[in-house]
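Visitor: Per TrEMBL, Fe cation binding site is recorded for 93, 95, 134.
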């Protein structure tokens, strides 16, 4: 090699070697038809919530029992619509082996857990894993509607003993 020749006279550019970084479609996974991650289930709940035409006409209120309707199922998940009349509650319960996303669509619900109480208005979401126990109550004077996505689909809803709401009421009565 002499001093007039460079060792890489015909060097290709990075784009020629690696290809255009923006043209990597062959490296991307195809879009999934159904959700598979917690973030995707949260996104599913948000998209169903935003599509009022798909659920609003289905809502019924029942003063004698909690009303619910299964909106959709897919591989490994279910989407449920629930209504809540004033004073109605779920009782303290778990969700077996299922994780879930609860989204308030209309009205206001209160979630009671061992850690305390949380007021949830329209658009509020709660994400929970297996083993999570809570009680959901409509303690307002208006009806409420919520959307629940369970993954895998809900097969058990074990009820627990004393509800956090009842414990709070006892504590407040004793301290009064």
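Any Cβ shown, glycine's included, is placed from N, Cα and C.
Can you tell me where each of these features sits in this structure?
Guide: Within 10 Å of the C-beta of residue 93 (Fe cation binding site) we count 17 further C-beta atoms, all protein chains included.
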Visitor: 10 Å Cβ neighbour count around residue 95 (Fe cation binding site)?
Guide: 21
Visitor: Translate the DSSP assignment of residue 95 (Fe cation binding site) into the three-state scheme.
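Guide: Assignment for residue 95 (Fe cation binding site) reads coil.
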